[in-house]
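Participant: Before I ask anything, here is the structure I am working with.
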Ligand code: GLV
Ligand code: MN
Ligand code: MN
Ligand code: MN
């Protein structure tokens, strides 16, 4: 079905279903994500788009202008990887809508005067290797390629090994200034990850800003021992310290207006009911509009964890994995988007996106599609087919103005 993003999403609704967690688990370069990448390439081929895969594993599907020169291009797209137990929309909605928008523009008889390219970026979620928006960070030269090659997933597989498994050459991972220079603007459509549009009773919004956010790995080392034979006074239990990290993050984020602090992943080693743990790893996500507020919360949580560790006879190491400053999307591009979508409200978001990384290097904008549950990173994430259809037309309208002059 041409121009129907919901039908495209239905085609991939069986891929990466996670019976244990519910929803979808599609880590970058895993079997389900590779299946999604193959599906995207097949869809691009089916539309006569020319597919290139760059050294970082970004898939680019080109609708060339008549002169076939790949300069001054307009890019759109999103990602195919998911969080553990996520929905089918965070990422894939932007890919399916981009393909559907190409169909709509062709049905309109549009002849681009500059190329349109649909991109699928790897590891947007950072769910497998820890750094969010890794594909765009690599592309833009914002992360050291060697550090990325050596990143390990929780099974010990390196990014380089996973990339090789996806058919990439790890030697080619790294910045690609020439490719970026060929793109004049990027527009990402994404399911809204809050209730803004539902509360306003509207279908689509333009993005105003993304709040600053970062990730920190907290490692607490203690002394493993026997749960029955070790007196309470003799313990060096890292789980007790981890509890203080969790409590301190909640307390410090609560007192800063509109801050977000989350620990959604904890690993206790060795992880036995009758075993005092030897170590705990926690991954902490902190967000706020003001960058210094994020830094302050992390400092306070670190200090509270260190105090608790000292009392318990444990040690702590806090390492920053990634940090994204507050992003204000390009005003000029937003004005052009507003001219074709005059009723769309402008919403800021607490969620990170590849568009946020690209906004630092090229004019970038985003469209959000209403999510009636307001939930995301859970199987409860939703979008009504009518809103998806409105989103496709909105994206097509925006792309039309950008590729025809
Ligand atoms: C990704 O979706 C994030 O906001 O962490
Ligand atoms: Mn996303
Ligand atoms: Mn996400
Ligand atoms: Mn995101």
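Quick reminder: no glycine exception, Cβ is built from N, Cα and C everywhere.
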Participant: For the Zn(2+) 1 site that TrEMBL lists with 79, 190, give the additional residue from the candidates 67, 90, 176.
Facilitator: 90
Participant: May I ask which residues of the same chain, at least 6 positions away in sequence, place their Cβ under 8 angstroms from the Cβ of residue 287 (allantoate binding site)?
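Facilitator: Correct list: 211, 212, 213, 214, 259, 260, 261, 294, 350.
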Participant: Quick one, of the binding-site residues 90, 125, which Cβ has the fewest other Cβ within 10 Å?
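Facilitator: 125, out of the binding-site residues 90, 125, has the fewest neighbouring Cβ atoms within 10 Å.
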Participant: Consider each pair of residues in 215, 274, 287, all listed by the record as binding allantoate, and report the largest Cα separation in Å as a whole number.
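Facilitator: Max span of the allantoate binding residues, Cα based, is 36 Å.
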Participant: Which residues in the same chain, at least 6 apart in sequence, have a Cβ under 8 Å from the Cβ of residue 377 (Zn(2+) 2 binding site)?
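Facilitator: In sequence order, 83, 86, 87, 90, 193 meet the Cβ cut-off.
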Participant: Would you mind sorting out which binding-site residues among 79, 190, 274, 287 put a C-beta under 6 angstroms from ligand 3?
Facilitator: none
Participant: What is the number of other Cβ atoms found within 10 Å of the Cβ of residue 79 (Zn(2+) 1 binding site)?
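Facilitator: Taking every protein chain into account, the count is 29.
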